[in-house]
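A quick write-up on the structure given underneath.
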Amino acid sequence: MVCNSIIESIGNTPLVQLRRLFGRADAEVFAKLELLNPAGSVKDRPARYIVEKGLTEGAIGPHSHVIESSSGNLAIALAMICGLKGLRFTAVVDPKISPTNLKILRCYGAGIEQVTAKDSQGGYLETRIERVRQMLREQRDAIWINQYANPLNWESHYYGEAAEILAQLAQPADVLVLGVSTSGTVHGIARRLRKAWPSMRVVGVDAVGSVLFGQPSQARELPGIGASRVPELLCRDEIDEVIHIDDYTAATACRRLLAREGIFAGGSSGAVVAAIEQVLHATPVSHRPLRILTLFPDRGERYLDTVYDDAWLARIAARRAVPNLAALPTVASLIPAGVSA
């Protein structure tokens with residue numbers, strides 16, 4: 001197939017069975033590799049869906065200024081898509097944005113609006129959103145994507161990954177394990193799959209320190225999972241179980257995923273791997289394989305200064321009081337025998 005632009009290559013990502021990672025003969029784990037989307041993440045889908053639907057229906061015009069509060073994957077996806085559509089795009093970011101993401105956004109030609117004041121939760125999300133609202137008041141042509149409240153967010157996953165999974169997976173999944181942040185991904189996929197597989201259990205994976213499911217706010221470093229405010233889209237009663245994963249556990253699971261499956265994924269992927277390990281630990285051995293479905297949202301290259309940096313992991317481990325720092329899984333220790341660093 002020949003695409004007319006890079007935008008048309010979004011989606012149709014592979015579904016891969018993880019045969020080496022979990023060591024359970026009575027479990028089949030399948031991961032949809034959203035990290036293979038052209039701008040590097042699952043956020044390519046809502047970015048395309050929301051912008052194209054807005055252009056078609058008139059909510060976005062040829063001279064619109066698209067704005068979003070995002071320091072990461074959605075901002076990058078919007079920068080790529082808006083650039084190709086001839087639209088101006090500005091990402092409202094905060095001091096926690098990684099140098100890599102900032103460089104990527106600038107390469108795509110995005111405008112950068114950075115806030116510096118912390119909000120009442122000690123983070124920056126509310127401050128960023130207030131800056132977006134200020135820009136909307138000041139600029140008549142400004143359009144806010146608003147991923148936390150926009151139903152087009154979850155619709156993009158309902159018509160996107162969920163439809164593809166139904167075509168890719170021959171047998172129903174017993175358990176869906178997905179990270180939660182805006183909640184668009186988990187709701188869009190679960191709502192579509194449950195129509196076909198009504199007995200499927202949905203496990204949401206949240207970050208320790210996130211307030212999504214009633215925990216107190218704490219410092220956390222990995223983006224892409226959890227939030228410091230509850231999104232308007234979140235329907236807690238549609239999620240059967242929630243597992244909280246801390247930064248250290250997510251990072252070490254990322255390293256196991258890379259070592260055993262060769263999948264170089266971002267921090268939230270490690271969180272879902274760690275959550276699946278907990279699900280399997282709590283599941284008795286059975287003659288019928290437990291079929292688990294998950295999704296890896298983004299690429300590991302954006303986490304070279306965190307998840308895959310040994311000094312960063314040691315700092316996180318010390319904060320968590322890991323007893324044996326000398327036994328930390330370094331990047332070098334993950335390289336298979338016979339392969340040079």
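Quick reminder: no glycine exception, Cβ is built from N, Cα and C everywhere.
So that you can see what the record holds, here are the features copied from Swiss-Prot:
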| type | residues | note |
| --- | --- | --- |
| BINDING | Asn73, Ser181, Thr182, Ser183, Gly184, Thr185, Ser268 | pyridoxal 5'-phosphate binding site |
| MOD_RES | Lys43 | N6-(pyridoxal phosphate)lysine |
Other same-chain residues whose Cβ falls within 8 Å of the Cβ centroid of Asn73, Ser181, Thr182, Ser183, Gly184, Thr185, Ser268, the recorded pyridoxal 5'-phosphate site, in sequence order:
Val42, Lys43, Gln147, Gly179, Val180, Val186, Gly224, Ile225, Pro297
Max CA to CA distance in Å over the pyridoxal 5'-phosphate-binding set Asn73, Ser181, Thr182, Ser183, Gly184, Thr185, Ser268?
15
I'd like the Cβ neighbour count for the residue listed as 'N6-(pyridoxal phosphate)lysine', meaning other Cβ atoms within 10 Å of its Cβ, all protein chains included.
28
State the Cα to Cα distance, in Å, between Lys43 (N6-(pyridoxal phosphate)lysine) and Thr185 (pyridoxal 5'-phosphate binding site), rounded to an integer.
9
